[in-house]
Structure formats: C-alpha cells, structure tokens
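Asker: Have a look at this one before I ask anything.
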Amino acid sequence: MLAGRITRSEVNVSASLVTHAVVVIFLEFFAWGLLTTPMLTVLHEMFPQHTFLMNGLVQGVKGFLSFLSAPLIGALSDIWGRKSFLLMTVFFTCAPIPFMKISPRWYFALISVSGIFAVTFSVIFAYVADITEEHERSTAYGLVSATFAASLVTSPAIGAYLSAQYGDSLVVLVATVIAVADIAFVFFVVPESLPDKMRLTSWGFPISWEQADPFASLRRVGKDTTVLLICVTVFLSYLPEAGQYSSFFLYLRQVIEFSPAAITGFIAMVGILSIVAQTLFFGVLMRTIGKKNTVLLGLGFQLFQLAWYGFGSEPWMMWAAGTVAAMSSITFPAISALVSHSASPDQQGVAQGMITGIRGLCNGLGPALYGFIFFLFNVELNEMETMAGRSTASTQVCRNLVVPGPPFLFGACSVIFALVVAFFIPEHHQLAEVKTCTANKADSSSAAHAQNGSPLSLPVSDTEDLEPLLQDSVM
C-alpha cells in the first residue's frame, strides 16, 4: 500500500482489526484484575511465612520461562501467522485461573509453567504492526497499552465487592467465564493479520535450534550498538517495574496499611490516569518531541515514582506517587514504536520479541529480586488484618526506617542507569536484515525487504545465518 493513497475502506478495516486486539487484551487482564483481592488471601494461606519471597519466586519462574520460550514463539508467529499463537498465549495465560479454588497448589504451579506461553503482548504488538501503516502505529500501540490500564480500572473493585458479598469462589467463576469468552473471541472472531504470501503454506519446522536459543539471541544483541542500547534500556527500566508489579499490592496492604477498598481505588486511579497518558499525551508527545525523547520522559517519571515509593511512609505519598506512575506507562509503547519503525513487515514478531524477550527475563529476575530484598529487611505478610492502630511490629519497623521501601529505591537507581543508556540511542537507525525462515522463504521475500528499506537486524558473523531475537508476560 503506497503512502498517501490509503482509501477510507482500508482505514476502516485497519481500525476494526485494532479493535480486535484491544478486546483480546481487555478481556484477558480484566479476568486477572478480578482476582486481585482473592490473590492476596491465597498467597497468605499458601505461604504464611516469607510471603514476599515466595511470591517473587513463583512470578520469577514464570518470567524466566517466558524469556526462554520467547524467541521460538516470536519467530514462528512470523512464519505461521499470529492468530494461532495468539490463541495459544491467551489460553495458557488464563489456564491457572479456575485452579485458584480447585487446588491452590496447582494454581501456583500452573502460574509458574504458564510463562512458557505468557507472551500475549508480543503477539498483539506484532499483530497490530501487521495491520497498521507506520504513521498510525504509535497511536495503535498507545491504544493497546491503554487497554491494559483500562482493564484494571474497575476489575479489582468489582472483584473485591463480589468477594466481600459472595465469597472468592464466585470471583474465580466470573474470571474463568471471562477468560473462556476471550479464548472464544480469538478463535471465532479475530482474523489472521499476516498476509498469506508471508506465511508458510505447508507444515514443517523451518526454525533451527540456534534461532530458538534465547542466549544466542542475547549474544547477538551486542553486535549492533543500537540494539544493545535499546535492550539494556529495557532491562534496566523493566527490572524494577516487574518486581514492583509482583509485590506492590502486598506492600500497600502490609506496610502502608491500605484497606482492600483503598487498594482497588488506587488501582482504578492509576488505571484511569494511565489511559489518559497513553491515549492523549502519548500521541501528542510522539508527534512533538519524537520517539526517543518520549522514552526519556517516561523514564524520568518512572524514576520519580520509584523514589517516592521508596522514601514514602504515609498513604497520601503512595497516592501522589501513583499519579506519576501513570505517566511512566508511556515508556514501553514508545520503545515498541521506536523498534517497530525500523522493522520490515515480515519481521514485526522478531522486532517485538526483542523487547518483550528482555521483559520476560526481567519478569523472572525482578520479582525474585524484590522478594529477596523484602526478605532481607524482614518485611512479611504475617497478619492479613493489619489496620490503623493495630500495626504489626514489622510494619512499624519498616515505616520508621529512613527508606521504608528499599526495593523501590534500588529500582530508582536502576532507572537512573536506564536514562543514561537511553540518551545514547539514535532515533533514526537502519538495521540489517534478519532471516527467520528457510532460505526459500528468504529468497521469496528479498524483494519486499529491498522495497521497505528499514528492516530490523541482529548482526552476526559472516559464517552464521541471521537469526531472530527474543519475546512477555504481564501477569
């Protein structure tokens, strides 16, 4: 499709397909958002001692498995299409939900192993890249990211209400029904986004072990300076975010003494502000200051937010820092847009896999690291009914410290280094071509690559085939 000759019907079709991606993300994370309050209870029942540490280990295993599987899923989605892998990722990400009441042990076990397929965002961003023009891709990425925030605006509050009125069993049932509806939507409604000419027409396994090796991909990252800078930035910024996401609600309840209602209200506030940031401000910032400066601005907000969480000891401080956290949510879609604009159409899965593969590694390391730091400072979830005036000893000790939240201060230091690295990322950079398939497919697509002129790359030695990079998990 030539720029400047996009018809109204083509625009409408693109908008319709983006809507499909939005619905998939919304339903998946709405289902998980309902379980926010029941999750706190199940965590305490299963791990009454060292709750933060065990929670970090469970989430860490999930994230690390996501990192290991990411390159294979990213490359295969570039070859066999997005829909089948989207269906697979949604199914396995939501599979643990009913086991929260059936068997908590199996629930946590399934959460851990579900990381093998928990890369929904990677496939969704590649899906969006398939169906949008370059000039509208940033807006579409912001919309998808905002949908994640929107799914968490009301779902925790609804889950908390249903739990208080009818018990956790009903909450789990409702979440399961929504997850099933999401799977059905992908299967029956979502169309394939990858054109037929870019997919294999016969079954086989055109991916070598080298392409599926995440560590080989990491080694390749260092051979292109821009790729290296982007990946280091993602790692340093998302490592504290992953740790924070896995433990922050527990921290609010145990140390800051938030009630369940206050926690759901906090999530709703941050969600609403994140929607505004990612739909209104994100598009304006991308057009006015550019992709790189938007990344830098988002990292600046994240640094301020984490420092406030680290030094804050009163509820009002958490609420104030939450408003800053909403603006920091623009960082990930800005980085995705920065990479996607340098990728050719048949390399979008690999391009997004590069970013979300690093995020998967952070999802493994971040929660375990935060849990260990909390453990070192003796922060535990020993009393679920901590209320104002009835604080536990560990809560009083933590709140009297100069730094009540040591893991968050560590995260702020990490983001400082991310800002320094991101400053050196060139905004306009052409990367060499990446092969993700057999030689036949590479030959058939060489003309398309030549026309696009801006493919993503991972340089390798002259004797090596070019291989794809990596691929996510949020829950």
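Note: Cβ is positioned from N, Cα and C throughout, glycine not excepted.
Found this in TrEMBL, in case it helps:
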TRANSMEM  12-32  transmembrane segment
DOMAIN    17-429  domain 'Major facilitator superfamily (MFS) profile'
TRANSMEM  52-73  transmembrane segment
TRANSMEM  85-100  transmembrane segment
TRANSMEM  106-128  transmembrane segment
TRANSMEM  140-164  transmembrane segment
TRANSMEM  170-190  transmembrane segment
TRANSMEM  227-252  transmembrane segment
TRANSMEM  258-282  transmembrane segment
TRANSMEM  294-311  transmembrane segment
TRANSMEM  317-339  transmembrane segment
TRANSMEM  360-377  transmembrane segment
TRANSMEM  408-425  transmembrane segment
Asker: Near the transmembrane segment (227-252), which residues from the same chain, at least 6 beyond its ends, have a CB less than 8 A from one of its CBs?
Answerer: 36, 40, 43, 51-52, 55-56, 59, 63, 221, 258, 262-263, 266-267, 295, 299, 302, 306, 309, 318, 331-332, 335, 338-339, 354-355, 358-359, 361-363, 365-367, 369-371, 374, 379, 381, 405, 407-408, 410-412, 414-415, 417-418, 421-422, 424-425, 431, 457-458, 469, 474
Asker: Can you work out which residues elsewhere in the same chain, 6+ from the ends of the transmembrane segment (294-311), have a Cβ less than 8 Å from its Cβ atoms?
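Answerer: Same-chain contacts beyond the flanks: 233, 237, 240-241, 244, 248, 282, 285-286, 317-318, 320-322, 324-325, 327-332, 334-335, 338, 402-412, 415-416, 418-419, 422-423, 425.
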Asker: Which bits of the chain, at least 6 residues beyond where the transmembrane segment (258-282) starts or stops, bring a Cβ under 8 A of a Cβ in it?
Answerer: 33, 36-37, 40, 138, 142-143, 145-146, 149-154, 156-157, 159-160, 164, 249, 252, 294, 315, 318-319, 322-323, 325-327, 329-330, 333-334, 387
Asker: Can you say which of 85-100, 106-128, 317-339, 360-377 has the most Cβ pairs under 8 Å with the transmembrane segment (52-73)?
Answerer: 360-377
Asker: Can you tell me which of 85-100, 106-128, 140-164, 408-425 gets the most C-beta pairs within less than 8 Å of the transmembrane segment (170-190)?
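Answerer: Between the stretches 85-100, 106-128, 140-164, 408-425, 85-100 has the largest tally.
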Asker: Could you tell me what the rest of the chain brings near the transmembrane segment (140-164), counting residues at least six beyond its ends with Cβ under 8 Å?
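Answerer: Here the qualifying positions are 18, 21-22, 25-38, 121, 124-125, 128, 132, 170-171, 174-175, 260-261, 263-265, 267-268, 270-272, 274-275, 277-279, 282-283, 286, 326, 329-330, 332-333, 336-337, 340, 474.
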